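Novice: Right, I'll just put the structure down here and ask away after.
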Amino acid sequence: MGSVQAYLKKNSNYGLSLRFDKIEANNIDAKALLESICIKYADSIDNNQPPHVVFDATKSGVASDTVKSFASALGLPTVSASYGQDGDLRPWRDMDESKQNYLLQVMPPADIIPEVVRSIVRNVNITNAAILYDGTFMMDHKYKSLLQNIQTRHVITAVADGDIARADQIKRLRNLDINNYFILGSLKTITQILESLKPAYFDRKFAWHAITQNEGQLRPNAEHATIMFLKPVVYPKNQARLEQLKTNYSLNEEPAIMSAFYFDLALRTFLAIKTMLQSGAWPTKMEYLRCDDFQGANTPERNINLKQAFLQVSEPTSYGDFELASHQGKPFNGYSFMNFEMDIRVVQIRSGNSDNSKPIGTWKASLNSPLVISDKKSMENVTAAIVYRISTIVQAPFIMRDETAPKGFKGYCIDLIDEIASIVNFEYTIEEVEDGNFGNMNDNEEWDGVIKQLIDKKADIGLGSISVMAERENVIDFTVPYYDLVGIGIMMLKPSAPSSLFKFLTVLETNVWLCIMAAYFFTSFLMWIFDRWSPYSYQNNKEKYKDDDEKREFNLKECLWFCMTSLTPQGGGEAPKNLSGRLVAATWWLFGFIIIASYTANLAAFLTVSRLDTPVESLDDLSKQYKILYAPLNGSSSMVFFERMANIEQKFYEIWKDLSLNDSLTPLERSKLAVWDYPVSDKYTKMWQAMQETKLPATLDEALARVRNSTTATGFAFLGDATDIRYLVMTNCDLQMVGEEFSRKPYAIAVQQGSHLKDQFNNAILTLLNKRQLEKIKDKWWKHDDIEDKCHKSENQSDGISIENIGGVFIVIFVGIGMACITLVFEYWWYKWRKNPRIIDVAEAKSTPLGKDMKLAEHIILGQTGKEYEDPKNMLRPRFNKNPVNFKPRF
């Protein structure tokens, strides 16, 4: 006020003479403050110098409420520079129209500057924020309004005192997953906070915004810090007047914007009163009510329109123009302020020196004014990257290590989180949890694994095949399921069916094959005997069958060939002519048909039985036997299932036992509980006991090794998530999944309890689900995996016989061809070297008359001619025209 008084005294053209009654406000003791005000006010009335106006320079709190209650009760015209928007000035709420004309409030710049936080949050789409302020800003009323209707998780708190306390304060805020910080204070406060930070707080994960009322430079002693710095700037048209006030009227109190504001507001107030006095708008005889005379409803009626006179003042300002609410229906208080601009710069601090300060935009002071950014790229560089910390467990194919991948991991969940990140727009870092557990609660209700990381705020997201469980939902939140209901499956070593190239020979036992061979030779020999001795066979009755197209003499060689080829689809060829031989052939055909049919059926059945040799096909089968051991992973959700099912069975047993042994029951009631059979199942109790005796494997690799090392005598079955088992079966040919899944649960992404990520991820997952993107990712890792083993499908019942089991027939072919080649060589050798060539010479015999019974010439000699061969005894004779001397009939 001294500057205003000096200014008016030196500028007599204003025609104003001021008398001030100054009262020191106590923001703690409202009663003492009110007594001081009433005493000073009563003295002015007694001296016949009542005040024309009350200039209220209180900021907020008890002092502000006391002054406003005093002015409203006694009806004194008041101009206030208190902090508060519409409705924040509680004593001035719900005022009638007359009071609204003379009880005025204009918000100071320190009350408008925090609104830039709202503009920055909207411009950058910040999801979390910590707003720190010192005594130069009053934020009491900003808690409810600063970021109202904006989905930004934020904390507004005063700056702690002391370097250690400030460092702890920042650490606590970081534990709340906040990486965007706004510091509203003096340059000294901002410097102290920045210097108390560790270098890690200045990386790309964090964004720092320094907002001040001062006009100086920011020079904290920090290493490699990039900060968005906002400070007010005076309009060029006001620069000369402000410099004049500083030089001539000692308007040097910092911050300059607040000093200029109070100067301009007070001068405007006094000029408005002068205008009213000169124009006659001020009452000539004004009634003043003393504090002691106020009874609660006897406030004097005032017909004073100070607001109109205030709006009409045309005095130039020294920093920024006043923006006063003058629209009809819009209240003056809570919407009137001084207009100014904030300069926005990116300040880079290197070794305590500001080596680069680059302007990137401006902000015009207002209750809802957007940023004007001239360099969007620099704005993006100073903005904190949204980086979330992911805790996970390596488990194929959900999460797998891959040094060539951008984050060092690959898998189904990595593809999923990348798709979600593209929708929600964030980055992430991923680390494997040390203990290798998703999270279990011990007897002390303490958690481990990924769940503990989320509870301790050391991770933002828990990623992997995390099952949704009731106890987990008590301490963390789950998104909507990203994977179908997944149950527990049983994995065992695939039974190995021994293969053999001559497996087709093992269908029949050796004695059967020997009997078939004996029958073959016996039948062949019998057929030769019958054909030789039967008078109706071809060889004994050639004349009868001389006109037949096929003439076959069944000697021993032909009989062997006939019986062999009769067992093939090609057939044996021409059958014997005699009836006895045909009966033998028919009997052999019937025998061969039965043997071939039996062999074919038994071969198919033999191969089928070898495929179906699975000792366990369900959980019930596993629980009823003791030959095969079984166990889930230690600490897994599968283990928890069996443990809890065993506990539930024990609880049921205790309940049944208590009922049965209850002495208070009547004999009739007790008889209804008497049964021979145990009414409560103990399947899981026995299984859990067997698992503990088996010792649960600690890792999936250990479980896989135990399955592979198992034998028929000491089998081992692994109980785990069906997705893991299906992937192992797909990538390992020696494993199989048996039985149906049980205890189905969904997989979901885990986040901290109350985290805003839950809703964002829910929307992203549902979007991916509607686009069938999740199905594509699932097919990629469960149907088209790069490391999928191309297992031989011979064990599938729908497939054909493998070469390992039927390859012997090809060996038979090669052996037959080899024997044929050897036989050909033998035939050639026998013909050329072991037998002389037989040449048939035909010579005309001497003209000797033929005998009566002779049909052929007696001198046709085979082979050679000569005197020694001309004897008639050596001539050929017909076989049946003249019987030899030694011929004896066979029958």
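Placed from the backbone N, Cα and C atoms, the Cβ positions cover glycine too.
Whatever TrEMBL says is automated annotation, not expert-curated.
Pulled from TrEMBL, these are the listed features:
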DOMAIN    387-784  domain 'Ionotropic glutamate receptor C-terminal'
DOMAIN    397-456  domain 'Ionotropic glutamate receptor L-glutamate and glycine-binding'
BINDING   Ser467, Arg472, Ser637, Ser638, Asp721  L-glutamate binding site
TRANSMEM  511-530  transmembrane segment
TRANSMEM  586-609  transmembrane segment
SITE      Val616  site 'Crucial to convey clamshell closure to channel opening'
DISULFID  Cys733-Cys791  disulfide bond
TRANSMEM  806-830  transmembrane segment
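Give me the local environment of each listed feature.
Specialist: Per-residue confidence over the domain 'Ionotropic glutamate receptor C-terminal' (387-784) averages out at a pLDDT of 81.
Other C-beta atoms found within 10 angstroms of the C-beta of Ser638 (L-glutamate binding site) number 23, with every protein chain shown included.
For Val616 (site 'Crucial to convey clamshell closure to channel opening'), the same-chain residues 6+ apart in sequence whose C-beta sits under 8 angstroms from its C-beta are Ile490, Met492, Leu622, Gln625, Ile628, Ala717, Val738, Gly739.
Counting every protein chain shown, the number of other Cβ atoms lying within 10 Å of the Cβ of Cys733 (disulfide bond) is 14.
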Novice: Between Arg472 (L-glutamate binding site) and Cys733 (disulfide bond), what C-alpha distance do you get in Å?
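Specialist: With distance taken Cα to Cα, Cys733 (disulfide bond) is 36 Å from Arg472 (L-glutamate binding site).
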Novice: Quick check for the class: what is the C-alpha distance, in angstrom and rounded, between Ser467 (L-glutamate binding site) and Cys733 (disulfide bond)?
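Specialist: That separation, Cα to Cα, works out to 28 Å.
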Novice: Between Asp721 (L-glutamate binding site) and Cys733 (disulfide bond), what is the CA-CA distance rounded to a whole number of Å?
Specialist: 19
Novice: Using Cα coordinates, what distance in whole Å links Ser638 (L-glutamate binding site) and Cys733 (disulfide bond)?
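Specialist: Distance (Cα to Cα, whole Å): 24 Å.
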